[in-house]
Structures are given as C-alpha cells and as structure tokens.
Amino acid sequence: MPRLLEELTAVILTHRDAPLDVVGSFESRVGEAYQILRGVVDEAVVLATCNRFEVYALPRRGFVETVIGFLGEASRYARILHGMDVVRHLFRVAAGLESAIIGENEILGQVARAYEEARRRGVAGKYLGLLFSQAVRTGKLVRSRTRISYGNVGAPGAAVKLAREAAGGFDGKHVVVVGAGEAGSIMASLVREEAPTARISIVNRSVDRARELAGKVRGEAYGLDMLPKLLAAADVVLVAVTVNEPVIKRSMLEDVGRHLVVVDISNPPAVEQPIPSNVYYAGLRDVEKVIKEVLAVRIREVPKAEAIVEEQVALLRKLWLKRGADEAIAEIMRYANRVMEEEVEELVSRLRGLGVDGAALLVARSFAYSLTKKLLRPLILYAHEAALEGSLSKLEEIAQKYRDELARRQH
C-alpha cells in the first residue's frame, strides 16, 4: 500500500535541546522502545546514541502519544517532525551537521546500524529502508565532496598531527607513547595507521596495560623506569597521563643531546618545564589551537554540505513518490489481471464449446493481455506524472478503489 511522505513522523530528543545525561539515559533502552512501538507503527527505526534519541516511523494512531509517554519527563525537550522535515533532519544527522562536533564520522555508522537493527527486528520496511539508505548515501556524499570531516578534533588526533608535522612523518621513526589509557591508545593507533614501519614503544605505570596496547599496535611495552633509556633513542614522544608531577624530567631531555619532538596533552603537563633547546615541545594549548583551526575549516564547509543535503532531500522526495506510484500501479494491475483472467477463462470456455482449435485459443488469450496493457497505459502514465507532481494522495484514492473492487470480487 502506498504511503504518503507527509505521514512520515519522527520524535526527536537531542543534545541541542536537552541535558546530555537526560538524552544519554535512553541509549541503553532501544529494546524497550521497540517493545512499546508494537501496534502503533507500520515501520519504525530507533536511533539512539549518547547525543540523541530519535524514533522515525510510518505511524498508526497513538504513535506520538506512546513515544511521549515512554520519554516521561524528558518529553518536554522533545520535538515532533513530519514529512520533509523528517527527511531533512535525518540527512543532516547523517552528514554530521547536527553533531556536537561538526562533521564527526561516527554518526554515519550509527545511522546505518540503527536501520539494520530495525530490519533485524522486522519493523523497518521498504519505505524507511529507502529513507535510511539515502541518508547514509547523503552522509557519504557530503564527506567525499566537502571537507566537513577534515582533520581530527580530538586532542589525541590533534597531538599526532602536530607531532607528524614537526617530525616530518613517522615512517622509520621511533615513537614513544607515554600512557596506555584512552588518549594514549588513540595516539598509538593513529601512528601505526600512518606509519607501518615506525617503531612504537608504549610506556605505562602498569606494564600489563602497556603490553595490552602494544599488542594492538605491534609495539613494545615498558614500565616508567625505562623512560630515560627510551627517550635517548626516540624521535617522537607523545604523552597522555594523569599525574601530580612531571614524569619526564628536564634532565632526561637534556641527556638526549639531539633533536626530539615531544607533544604532551596531559593536564597538568607531564613534562617538566622549561624545555631544553634541543626539544620541539607542544602542550595542551598548542593542541587546542590546532583543534580550533580544524573546526574553522569544517565550519567553512557547512554551506557546501547543506547544499548537498538539500539536493538529496529533493531526490528522496522523487524516489518516495515514484515508489508510491509503482505500488499504486501494482494495485491497479492486480485488479486488471484478475478481471482479465476471469473474462479470458469464460471466453476460452465458450470458444471450446464452439469447436475453436487450441491455436485460436492462445491467440485470444494473448489478445486479452495486450488489450489490457493498452487500456491501462494512459492510467500508468498519469500515475507517474502524478508522482512527479506530488499528487500521490489522489493516486492512492484511485488505487484504493481498485483494491476494494478486487477484494469484493475475491469474495
């Protein structure tokens, strides 16, 4: 049955309108959400992340009230969108334009996985399949045609960028990563991705954690006691630790006796000041400056990204209307074929009674098929024109009449 684009509805709760802890509390409740949607949707997809909880649906009666009830007190922060506003919002989400950090990439995978989960649960049909596949396509197009995802706006990524530029790349270099926590892990992974031939040494208070990370990046693991020896052989040092006093002393750096690149994103700093002249040093302020520069590039790309989104929103509208027209035509053809089959069977029966041979009967059947198609051709052309003009509601009325008539004939 064709569904009008105007029926498309979404209940939106995001970081832009609600406190993060409120939004994040629904991230683990996707299963509950699908449970309460039973009976109030024909199709649905739940998109839940730490920054957003969104329910997209082709609704039945009571959908909005059910979702609002599920949100409870958080419902005062929710927005309800319909039709093209739903399409535009989802496409902007997939493009990274609605993210807390403009252009972040993770959301694109989250949108794709949300649809796959809905499909696995049997609640995402062909219409939301079309919507979400086009949303993912839009997100990819925006990222390939603009610099909306330029650079890395996380401190670890920015630190690696600074170190790369200062050292002239990492290939063939000895990179020491001090700290095996989340930030250290990101930095070590980025270095390995960029430089297959780099030697990576992981230094951490807990050698077991250092070994765990080293195993992931094809590196070596050491305790803090090995720092002086490792610094003497290092080309680049990346630091991300939580300490009360510096773990890299000025004397250690002076003993190196040659050029060394050190980037420290620890707060407070983990490298003792002042820095010797043989060391290129970048701290958290330098890293934050890089992040601001990256964000400035991304922000300049927003108008281009928005233009692509609008192009794809218009395309989705055409695809949706065409799908509706195809379904309406299929309804009409089902009715026409049923009537034709009945009439042909009656004609064949009569002709047999008149002694008409088998070849003539085949001709009669072929003629009936051809006549049916020719008679319906103007209606089919009208259906496609109506879809392009957005007149799907009238077409649906026509299809419904054929559907009702077919049901009557079957009974």
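One-based numbering along the chain as shown.
Backbone N, Cα and C define each Cβ position, glycine as well.
Pulled from Swiss-Prot, these are the features on record:
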BINDING   THR49, CYS50, ASN51, ARG52, SER99, GLU104, ASN105, GLU106, GLN110  substrate binding site
ACT_SITE  CYS50  active site, nucleophile
SITE      HIS89  site 'Important for activity'
BINDING   GLY179, ALA180, GLY181, GLU182, ALA183, GLY184  NADP(+) binding site
For GLU182 (NADP(+) binding site), the three-state DSSP class is helix
Setting THR49, CYS50, ASN51, ARG52, SER99, GLU104, ASN105, GLU106, GLN110 aside, what same-chain residues sit with their Cβ within 8 Å of the center of the Cβ atoms that define the substrate site, listed in sequence order?
ALA100, ILE107
Between GLY184 (NADP(+) binding site) and ASN105 (substrate binding site), how many Å separate their Cα atoms?
20
Suppose the NADP(+) site is GLY179, ALA180, GLY181, GLU182, ALA183, GLY184. Which further residues of the same chain have a Cβ inside 8 angstroms of that site's Cβ centroid?
VAL177, SER185, ILE186, MET187, ASN204, LEU213, ALA240, VAL241
Ranking the binding-site residues SER99, ASN105, GLN110 by other Cβ atoms within 10 Å, which is at the bottom?
ASN105
My understanding is the cutoff is Cβ-Cβ under 8 Å with a sequence separation of 6 or more in the same chain; which residues meet that for THR49 (substrate binding site)?
GLU27, ILE107, GLN110
Closest to ASN105 (substrate binding site): which of the recorded positions CYS50, HIS89, GLY179, ALA180, going by Cα position?
CYS50
Nearest by CA distance to ALA180 (NADP(+) binding site): which of the recorded positions is it, out of CYS50, ASN51, HIS89, SER99?
CYS50
Have a look around GLY184 (NADP(+) binding site) and count the other CB atoms within 10 A of its CB, chains all included.
24
How far apart, in angstrom, are the most distant Cα atoms among the substrate-binding residues THR49, CYS50, ASN51, ARG52, SER99, GLU104, ASN105, GLU106, GLN110?
15
Let me check the 10 A CB neighbour count of GLU182 (NADP(+) binding site). How many other CB atoms are there?
11
What is the separation, in Å, between the Cα atoms of ALA183 (NADP(+) binding site) and ASN51 (substrate binding site)?
21
State the Cα to Cα distance, in Å, between HIS89 (site 'Important for activity') and ASN51 (substrate binding site), rounded to an integer.
15
Could you tell me the C-alpha distance between ASN51 (substrate binding site) and GLY179 (NADP(+) binding site) in angstrom, no decimals?
28
